[in-house]
Amino acid sequence: MTRALLRPGRRGKLKGLVFPGGGTMIATHRKRRAERPAGAAETVSPGGAGRASSGLWARKAAARCLLTYPSRAQQANSVGRRRRRRPGLGALAAGVPAMAESVERLQQRVEELERELAQERSRRALGGGDGGGGRARIEKMSPEVVDSNPYSRLMALKRMGIVSDYEKIRTFAVAIVGVGGVGSVTAEMLTRCGIGKVKTSLFVYHLRNPITSGVNQLLLFDYDKVELANMNRLFFQPHQAGLSKVQAAEHTLRNINPDVLFEVHNYNITTVENFEHFMNRISNGGLEEGKPVDLVLSCVDNFEARMTINTACNELGQTWMESGVSENAVSGHIQLIIPGESACFACAPPLVVAANIDEKTLKREGVCAASLPTTMGVVAGILVQNVLKFLLNFGTVSFYLGYNAMQDFFPTMSMKPNPQCDDRNCRKQQEEYKKKVAALPTQEVVQEEEEIIHDDNEWGIELVSEVSEEELKNSSGPIPDLPEGITVAYTVPQKQEDSVCEVTVEDSGESLEDLMAKMKNM
């Protein structure tokens, strides 16, 4: 592109004046003035009127030419730009797929950023932290007694002879259904105990990535959200309100113990579409994928969910433990259920279940069940204690253990399965258990006769019965048939009939008057 450079030279000369047509004009003010006749008027410059000053005229003329007449190169470039701005319809059609692909990529990127933002907000809402309380994962439990070892006091159970191998707890996977007042505390206790895997579900679940927890694996199930009304219980905190219970529990438990694996689900297990997935995770969600969990813990607050868990475990032959707290919050219980061996939840159902009453019809607006963190803590404690005894094989495992806070009463019992149970899978498990017991080799019980020791002693003491055979015969009532070695402590003597004493009087032949006279003389 041709440009005109206009700049004043030395001594008022105009140098480098280049016009669009390519010609060059070098003019000086002195030369024009010298050639002009004396007294003549100012000459008319090309393209303009006469000017009093040729220097001023030259500047304006050059500027006018530059603004008015573009060069050929400028014209060609301008036409090219117009052509580029007006592509044909074919070019537009060819660019549509590329534009659509670009828009799709941008939308995906926006969604990724939104997810990252939501995760960051969730992390901050949960109190931040990278999980694990700032410590690395511990591959092997150590009995070393140092302040930095979180398992030293747990491993002391082995040293004291309570359990044979406490580290075995990392090989178990436990599923917890319900992360409420009892379930959340149960999950925390198992996490602190170092269990392998935890599955949690508050009765409605959403699958999330596995994480780590105390029992080497925990599976959590729950569909509810944290509310401020839950703050009278343990575990949850006010800043977690609005989050799903499994999500809040996952973040809290990860910070407590990063050595445990977590799998959380946020869905309702009582629905048809979620029941199959629930059974699949029970049968395949063990520490090794494809193997069943070792134990299922029911920590729900309604009979519908309990019956759902009971149905699933009876069908799979899965051992589980049930727990609950009364509506007045002063009593609770736990129950170990082994399909076929002990009574299931349907063998002796509560009245609501037996009468097929819809629980929703029993709820009244503005009325809620009572809740005490103390009672829920006690029930969660005895539940986890029973879990540890069952998994690590120490102590006595309770099939049923109740708690009455009013009288500090802990009733315990065992319930046999009902042969007429409404659950056909329960009846099927009972038959299989009978066959299993019948196949076991019978063990003969040998009764050894006890040798009598200390026939006599140096003190000459002899033990004799306080009741003689004659007294036993004369005792009232029959002698009971007592086992060997047991005798009656007291016998009631037989009542003797009152005998009539007969008085015999000999006749002396004296009259009555003579006898009376003798008495007077005496």
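Every residue gets a Cβ built from N, Cα and C, even glycine.
Keep in mind that TrEMBL annotations are predicted by a computer and have not been checked by a curator.
These figures come from a predicted structure and were not determined experimentally.
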Completion exercise
Among 29-53, 129-153, 454-478, TrEMBL lists region 'Disordered' at 29-53
Completion exercise
Per TrEMBL, the coiled coil among 68-95, 96-123, 236-263, 488-515 spans residues 96-123
Practice task
Give the residue counts of the domain 'THIF-type NAD/FAD binding fold' (151-198) per reduced DSSP state, in the order helix, strand, coil.
Solution key: 27 helix, 8 strand, 13 coil
